[in-house]
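These notes concern the structure reproduced below.
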Amino acid sequence: MGIKNLATLISEQVPNAIKSRDIKYFHGRKVAIDASMSLYQFLIAVRQQDGVQLAGEDGETTSHLMGMFYRTLRMIDHGIKPCYVFDGSPPELKKYELDKRKVRREDTEAKLKEATEQAEIIKHERRLVKVLPWHNEEAQKLLSLMGIPYVVAPAEAEAQCAELAKSGKVFAAASEDMDTLCYQTPVLLRHLTFSEARKLPIQEFDTDVIYNTLDLTQTQFIDLGIILGCDYCEGIKGVGPVNALKLIKEHGSLEAIVEKFENGDISSGRWKIPEGWQFKEARDLFMQPDVIPSEEVTLKWEEPKAEELIEFMVKEKGFNEDRIKSGIERLRKGLKVGVQKRLDSFFKIQPKTKEELATAAKKAKDAKKKAAAKGKIAKRR
């Protein structure tokens, strides 16, 4: 799930922290990708024309392998060096979110049994998609044969991605989960592994710009996310993104906010703090996540194991041999090039002051309002 409405809040309050990029922009960059999130996308999106998942002769799904193979090739073609990070065991506190997902799953299964229209059946089937251990195992085998590094995190994949980015092992963490920002990755990329056919630009979030423009510390930003609701606990019921930001800026911490609620200094019939709220434990998971220290992680991009790759993808999984061989050549070509020095690596970029960031944020907001106003006028015409 990530953090509810956080992307909307940043888009409205700090639009200058989000850049829309073409994939070519990231040539020469190393990126740590949330593999579990990517596999989930592939299982939903990579399908036949009738909406059914791809499968081999044995009837087992192969959508995850096709997505992993071709989306990785696309990145390699554009000079990006991807590494994938897989989820480990979820933290105990995540049981809250997992229980919610289980209830939603049971509800969807009941609706699927009652569905009669094909479109409705496919919609419910997609909602039931789940990344299973064997999907992860096959994806890891594929990556090994392709020569692409991967890491199995002790717990949350996005936390491990952020750890690699913070240390400079990679340029950015790539995930659809906005809670990646709470783990203090310098840069978050969204939509990196989306299909090219969707024509969605890659979103680049600059964490420092977000923190500085909102004038929040990392701890306060995490508290903001917890107010909105995260994977580890419920948020304050009835509080939307604008009021969540007001609360944290006015009171400074969740402890102070909870105290004000308990004393009756903050009162709203629509707002309610969850009973037995474990916000401190949730905050600790963001501040001190269970990760492998980056100095213990070695990332190596190697020559693909051509014969073994053909054996696995063609003979075992039924993929077209010519296409797999073509993919192997693309891998060889892309990985030989290496990570070239980018022009911006020769210059030290001075961080902007809070005043400069505030001015940039105001300009971006004004531009957004003007664009929205023009759109309304055009619709009237």
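In case you wondered, yes, glycine gets a Cβ from its N, Cα and C as well.
Binding of Mg(2+) 2 is attributed by Swiss-Prot to ASP177, ASP179, and the same site annotation extends, among ASP215, ASP223, ASP231, to ASP231. Of the residues proposed, ASP22, ASP34, ASP206, ASP208, the one Swiss-Prot records at the same Mg(2+) 1 site as ASP87, GLU156, GLU158 is ASP34. Within the set 285-293, 312-320, 339-347, the record from Swiss-Prot flags 339-347 under the feature region 'Interaction with PCNA'. Cα of ASP231 (DNA binding site) to Cα of ASP177 (Mg(2+) 2 binding site): a span of 10 Å. Non-local contacts of GLU158 (Mg(2+) 1 binding site) by the CB criterion (under 8 A, 6+ apart in sequence, same chain) comprise ASP34, MET37, VAL85, ALA173, SER175, ASP177, ASP179, THR180, TYR183. The two recorded residues ASP87 (Mg(2+) 1 binding site) and ARG71 (DNA binding site) have their Cα atoms spaced 19 Å from each other. Rounded to a whole value, the Cα-Cα separation of ARG71 (DNA binding site) and GLU156 (Mg(2+) 1 binding site) is 22 Å.
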